[in-house]
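Visitor: Attaching a single structure in structure tokens format; questions to follow.
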């Protein structure tokens, strides 16, 4: 699936991929005892509910002619009657309305659809939020973009050699209620995370959808603008059933005790509402289930769908096993693994027989003659302190002319996995290790992962190496690939390496470091780390200068009780220089290997591509940023990265806003995927958007990724160590597709495991209150980012103690007004206005309307500080008009500070080098909130180095006054020309003294806008 939704899924336990508790349309959510079957008998034959699938020949012909469209089905977890597939042209998704139109396909299936006539297309109400027309995305960011592998490492110590990090947090949904089972109580605290909810308020994800929240269908669409229509379709064939057809859920008796079905079947109710309810034979159920059904009300079962006929609302299935009590870690975890088709069984004896039998194993003598011997070099690993599978090591030694020989050494897993063996087949089927909070399901037997392949210190190991001669600036002078033998001298943790980086001159006591082999010293290792760090900084700087993109996202890490395994706490993972060091050299190796195998085997190279963002979603984001006055440039990956780095300040609110916008920027991103170079045409198809490089692959983590094992075999063939694997491009592409599918499933499992542990932590800790930032608003709900935990959550208005709420659009901006019930009956209800996130640290842009005052050029520079003082409460800000022109960065920069009781200090928010749209090259924007007493804002000009201070100009754009509730009203007509804004011309009590001003500030609340430009 290629639509990211990066958000963490806080599902109720037992509902790993579920949705709202609404009954499905057309009776899908009802048992036969609840409703009469709609499958009426016609002349002795049941009427079909679903259409018969097209034959393969018709499907193939339709796809060739373009009359049919194929794509991955994505079912909206919040409204499971809505489904979507991506549009081939990158435009708005194709809509599939209802379970009948979905025609028995499940989430993730590769389906073929037929477009409906235009009069049946979905009509989008002008006032609806566009989020509601696209469904909920399951994000598929490439790990090269966001850095989540580091979270995996820190959780279980399985080293995910950074490939640039892009597997972000995703979200199948937000609040996905179950069927009223007891396990839902576990997440009561989670539901209260985003706001402080009183007992009376309860979130109800399954509340009926109202007309305001839904789009509507029109009888006549011809008169509507094209943009208001969304193409709609129905499923006519399932090309590949990618969904496992397994589900966790609960058993119930059928409601009609007198029916024939009651004597044969029980009803299985899946926790995931995107899966249909299932009839299961009573013979599969516990023996006393019929007589004591309440005993099993909170027991999780696994059921597999075996059939779903055209004439039935319900599927037929087999009960696989009872997992245990809902809400407990192990039953829930096993359910998650089973639903996503993860093989967590023990390796068979046939597979284990493929491993070396004589232990301890030693390297055969013939390998020393085939490989470069690096055992005397200072080679070391940098991994999480708990890591046990060490698949990458680094080396760095000075050479002549002040340059360095830098090596990346990767465990030679392919040596131990003979092609075509039972071990090879099971590794290919698993395709990836699967990371849970409390454990890892390995791709390979632990003897390989933790002993034979792991680059443990002071033991001889087989490796595949890339060695460069690099200048201190990171320029590549030479490059070598080959099979090697290393002997790591020590196992450093990220903390060890970080302490060396942070204290480059400090001698670290031996007791604070791990053991180092006698052939080397800790000082030698420390110097190598510092040299690598220096080169890595240069590589990183150059990489982003060349147009790479990184979307950092918050990751949760848990601390677990050693005895019970329950979470004791959690925190946001800190990504530091030691992580970046490893990441840069893993990236460098992956890119080098990609070039090498592609140049030798241009038709059979296994590479990794990342397509550009989806056009429709990117255009929507551009429009949103324009509305919010966010100076974002989406023209390329590099431009977007630069915008994210330069737009926001470093205070708490600015960082939160950056996190929100980073998440929004993730949504248009497509999934990175493995592919065979011979099946794609044109160099543009091979590129990696996030890294902005023409070729990329995965080489550095063969212990946990089978794709890397395939790449090792290709590289070995490139270097003449072996014959080219006998795999045709189409067969290699099939392997690549399977790796993509299993990688996606692994990612979903990891997210659900995180959600499970977070829900348990909330249950054990009690309701948690935390500051959150509003990310977006819908007609009856709003999304927030909980800053402390990096968790995104949807908050429904009917879950809050509100007297009322109102949704409206101000221009194109959605706004939700909440009227809270007062805690004291004598108090007035408090109003709160919610809208999309703002660029100002403390106040929202909708509270500050555009200045209507004309801008007048002032040829004199701002030689003295400009001060604005006032008394009272409310937001205080410098306001900017997009239509102004000029460039103060050529003459200097404006900085600002605020002082006074409860008025926070301001970081610089001027952007002297950041271009905005509409001919506004640079601006000053700052804000603060005065809680009480007097306040003062001060703007000062500091000349750019080498530039004269004079010659600049000042524009007074407008002075506004008002209150948060009433809005801002201009009370300035226009400043007189030739006016110099400086200390002597500003009043001391908030009373403006500029010529041409009319009115005065109310309660000392004022807003002023300045720009310094060329004369």
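Here the Cβ of each residue, glycine as well, is placed from N, Cα and C on the backbone.
Dumping what TrEMBL says about this protein:
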REGION    1-43  region 'Disordered'
DOMAIN    371-721  domain 'RNB'
BINDING   383, 392  Mg(2+) binding site
SITE      391  site 'Important for catalytic activity'
Visitor: What is the number of other Cβ atoms found within 10 Å of the Cβ of residue 383 (Mg(2+) binding site)?
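Guide: Other Cβ atoms found within 10 Å: 26.
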Visitor: Can you tell me how far the Cα of residue 391 (site 'Important for catalytic activity') sits from the Cα of residue 383 (Mg(2+) binding site), in Å?
Guide: 10
Visitor: Looking only at the domain 'RNB' (371-721), report the model's average pLDDT.
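Guide: The answer is 93, the mean pLDDT of the model over that range.
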Visitor: What number of additional C-beta atoms lies within 10 angstroms of the C-beta atom of residue 392 (Mg(2+) binding site)?
Guide: 26
